[in-house]
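Below: one structure, written as structure tokens.
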Amino acid sequence: MFEPLPDIPRLYTAAAEWSAVVLYVVLLTRKGPNRRLAIGAPLSLIALIAIQLFAGRLPDSLWIPGMLVAVLGILASVKLLSGAHWVAAWHLTFRAFILAEFLASLEWQLQVYFLPHVDPLCALGITVMSASYAVIVPVWGALENRNFSSEEPLSLENKDLLMGLLITLTTFAMSNLSFLSTSTPFSGRLGPEVFYIRTLVDLAGLAALYAQHERIMQIRASAEVASIQASLEAQHTQYLQSKAAVEELGRAHHDLKHQIALIRSEVDPEAQRADFAELEESVNALGHQYHSGNPVLDVILASKASACNADSIDFTAVADGKLLGAMSSMDIATLFGNALDNAIEASRRVEDPSHRIIKLALHAMGEMTVIRVENWYSAAVSQDESGNFVSAKPDRRRHGFGIKSIRYTARKYGGELSTSFDGQWFTLTVILPKTSDPVS
């Protein structure tokens, strides 16, 4: 006959909750030093311990409300330490709560088995608990690491919370059912059996939440890849259309120049001479072409220059197109097309026409090729929690992939993208190795 086993000390539960909170906050905010975490973590630990000690004094009839208060304590800790939006905070709270349940259950089960006569609140008991958490938490963190990116925010929607909530409630209910009643088909009746069921169910719930999170990330990644691919194809299609338009424009320019010269030789009044000079200047502007050394880049520059001219944007380009010899036409169209489209869109929002300025430079610097696009801007630059730029267009799910497409293309050739803005000038810089063959 087995004797009833002691329940998990409240101090152990609070330490498990705090460990889980810190783990997920670190995973979410690892892009740089987190002052919130450094300052708030000790306060969070004190608060979670206080909540658990308070809940431990409540009568059994208030056990569920006490657990709800504990969950809210985890939520507050995640929110304050990470600064995440509420949807992400709730999502991480579900995961931290179940991880804490599993962590405390597993450690306590092992401690009771191997050290049954050790006071859990003595120095040895607390040391064993701390050492166990210090081993288990990093192991789980290593598994979670692949689902959190330092460059991409945790992209979640309200509907994503429903499944997480159902998994959390089911896991918690099933793992603690034996403590509420032994008269159900799913309850354990012996002490070790109850502990085993709780630990196993918590592990299953943790795995289910992990799979749910991974699935969410896969869906988001697939949608993003599809959007980037659509952007690549759109830029290439635009390049082909621009190429045909520029060629047709060049032919028209050539024919018109000859026709103007013919008419001028026949008609020579001073007034008409001035009119013809103005007409010829307009035709010359239409027929302006770039000769960078790369025909694909020439077409893109001519097309974007025409768009700039239509919006009274002063566009200048100094480019050595020969440096792009190893880059495919689609990648050139993607890189320069997206960069200039973003600059043109920002310039259109500048009210003062004299400040609508775009400057493009393509040159060599040592063993590197440098591409720099600068534009004057007036509207606020929107960024998400991870520093990524957010589209100003209404449908952000279908827009805002220009910078990502440029970064994707740059990394394809072993390069990197950087951006900076100082309140007036926005600068986009791409650095590529001179031998910029695609990286396999």
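Using N, Cα and C of the backbone, Cβ positions are placed for all residues, glycine too.
Annotation source TrEMBL lists domain 'Sensor histidine kinase NatK-like C-terminal' at 328-433. Summed and averaged per residue, pLDDT over the domain 'Sensor histidine kinase NatK-like C-terminal' (328-433) gives 82.
Long-range contacts of the transmembrane segment (12-30) within the same chain: residues 36-37, 41, 44-45, 48-49, 51-53, 70, 73-74, 77-78, 81-84, 88, 92, 95-97, 99-101, 103-104, 107-108, 120, 129-130, 133, 137, 140-141, 144-145, 148, 150, 154, each at least 6 residues beyond the stretch ends and with a Cβ under 8 Å from a Cβ of the stretch. The annotation transmembrane segment is assigned in TrEMBL to 12-30 (among others).
What TrEMBL lists as transmembrane segment is 37-56 (among others).
Here the transmembrane segment (62-81) has long-range neighbours at 13, 17-18, 20-22, 24-25, 34, 36-37, 40-41, 44, 47-48, 51-52, 54-56, 89-90, 92-93, 96-97, 100, 172, meaning same-chain residues at least 6 beyond its ends whose C-beta is under 8 angstroms from one of its own. Taken from TrEMBL, the feature transmembrane segment applies to 62-81 (among others).
Same-chain residues lying 6 or more positions outside the transmembrane segment (118-140) and placing a CB less than 8 Å from one of its CB atoms are 6, 9, 11-12, 15-16, 19-20, 23, 99, 103, 106-107, 110-111, 206. Annotated transmembrane segment per TrEMBL: 118-140 (among others), in sequence order.
Per TrEMBL, the feature transmembrane segment maps to 161-182 (among others).
According to TrEMBL, the transmembrane segment annotation covers 194-211 (among others). Counting only same-chain residues 6+ beyond the ends of the transmembrane segment (194-211), those with a CB under 8 A from a CB of the stretch are 5, 94-95, 98-99, 101-102, 105-106, 108-109, 112, 140, 143-144, 147, 164, 167-168, 170-172, 174-176, 178-179, 188.
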